[in-house]
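What follows is a single structure, written as structure tokens, with notes after it.
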Amino acid sequence: MFLVVGLGNPGIEYQFTPHNAGFLAVDAIAAEHNAVVSNRRCQALTGKIQLGGREVILAKPETYMNLSGVAVSALVRELNADPVRDLLVLYDELDLPIGSIRVRERGSPASHNGARSICSALGTADWPRVRIGVGPSGEDDLFRKGKNYLLTPMRKADLATLDGALERTARAVETVVTRGIGVAMNEFNRRENNGPAA
């Protein structure tokens, strides 16, 4: 069993905001496998797929971003999952250009409140993640950065750019589950495989 959690905020008003990139990634993976993420479990919506013969639980916490750790830690306990080996978290990263992704084996949550909540709830930052770039593009970068930007619906052009990152995120998830985090880092953190240049 493997647990893949996408972070975001529930509610239609947040659906296509940069902060919901993790939810969008889980939805894209589920759609690709004709799965639905709708079962309520541990304060999250969940669904199941198979990757490389391994059962994968897809999850979207319903706790809102800042309390993501409540749902993630409950799922980890219920599924008897090891956060280092059996967990992968997908979330937005304001400091990466939109359309790019970074696969990390562990690390600081930096300023991401959802990642901070997970670190606090699990008692460790040693859990794999895919950070999905949502950094604003264009001349209004400085004006658009921050909380208001993260919670504002994306422009069509930015959504189109993000689609490429969601597709690469789905491939990265499959690689982590079937071949390991090290292989995924080598493959998806190379600039030529990672969307727009930083």
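Positions of Cβ are set from backbone N, Cα and C atoms, glycine also.
Given the structure is predicted, the values throughout are model-derived calculations rather than measurements.
Straight from Swiss-Prot, the features:
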- Asn9: site 'Discriminates between blocked and unblocked aminoacyl-tRNA' (SITE)
- Tyr14, Tyr64, Asn66, Asn113: tRNA binding site (BINDING)
- His19: active site, proton acceptor (ACT_SITE)
- Asp92: site 'Stabilizes the basic form of H active site to accept a proton' (SITE)
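Feature map: annotations from Swiss-Prot on the structure.
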residue	record	Cβ neighbours (10 Å)
Asn9	site 'Discriminates between blocked and unblocked aminoacyl-tRNA'	22
Tyr14	tRNA binding site	19
His19	active site, proton acceptor	23
Tyr64	tRNA binding site	18
Asn66	tRNA binding site	12
Asp92	site 'Stabilizes the basic form of H active site to accept a proton'	30
Asn113	tRNA binding site	18
Cβ-centroid neighbours of tRNA site Tyr14, Tyr64, Asn66, Asn113, 8 Å, sequence order: Asn9, His19, Thr63, Met65, Leu67, Ser68, Gly114
Secondary structure of Asp92 (site 'Stabilizes the basic form of H active site to accept a proton') (DSSP, helix/strand/coil): strand
Cα separation, Asp92 (site 'Stabilizes the basic form of H active site to accept a proton') to Asn66 (tRNA binding site) (Å, whole number): 13
Rounded Cα separation (Å) that holds between Asn9 (site 'Discriminates between blocked and unblocked aminoacyl-tRNA') and Tyr64 (tRNA binding site): 5
His19 (active site, proton acceptor) versus Asp92 (site 'Stabilizes the basic form of H active site to accept a proton') - Cα distance in angstrom: 6
Distance [Cα-Cα, Å, rounded] between the residue listed as 'active site, proton acceptor' and Tyr64 (tRNA binding site): 11
